[in-house]
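Below: the structure, in structure tokens.
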Ligand SMILES: [Zn+2]
């Protein structure tokens, strides 16, 4: 099933929250894959196998009985934010305006939109900065992520959680796409894979990410999260299910 020709998917589409996705045709006219397709080091089996735990995340992400759904979404989203921030910080010295002039993942380029909806031209580190500061603002806003007893979650809570997940996904995808080599050199790819699997399975469990949004990383998701792999979708969780039970949502 070959692509129906350059530009068949349309050059650009803006999603509801204003992130513009630019998709170029995947195949060159001569049928060769673009160079970008050939450098996915993160797909190599010796690296995709690496994890920091055998925990069965598929079981771990399920809403525990007697826990309020919004509480569960809030505590996990906050934890993922901190972990993605931490993971990015390990390679941030390499993510410079010169090395990463745009926030690009595969053939997709992300643009930031300011509060007025104005498109902001920015480098990857600037984009990540926008992500981290806007998410930080949300998760520490008592009106959005209430922590005090008796305070209610806003009606917009779920859509805000989805927005946060989308941004965190962009950052994770950028780490894989542009900084996997450095992550490998630091021997932190097991951490990255583990965080990715946990995050994707959580988002999947509660429909927090648009499949169109995550399509750029489908090949990796397939390898990391499908049945066979350790700590992935696993299913039976025979080896690690018990050990993980006490670690709800906190990873550590
Ligand atoms: Zn970068």
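Using N, Cα and C of the backbone, Cβ positions are placed for all residues, glycine too.
Owing to the predicted nature of the structure, the values given are computational and were not obtained by experimental measurement.
The DSSP secondary structure for residue 174 (Zn(2+) binding site) is helix. Per TrEMBL, Zn(2+) binding site is recorded for 95, 100, 174, 179.
Marked as region 'Disordered' by TrEMBL: 231-252.
What TrEMBL lists as compositional bias 'Gly residues' is 231-244.
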Checklist line | Other CB atoms, at most 10 A from the CB of residue 174 (Zn(2+) binding site) | finding: 23
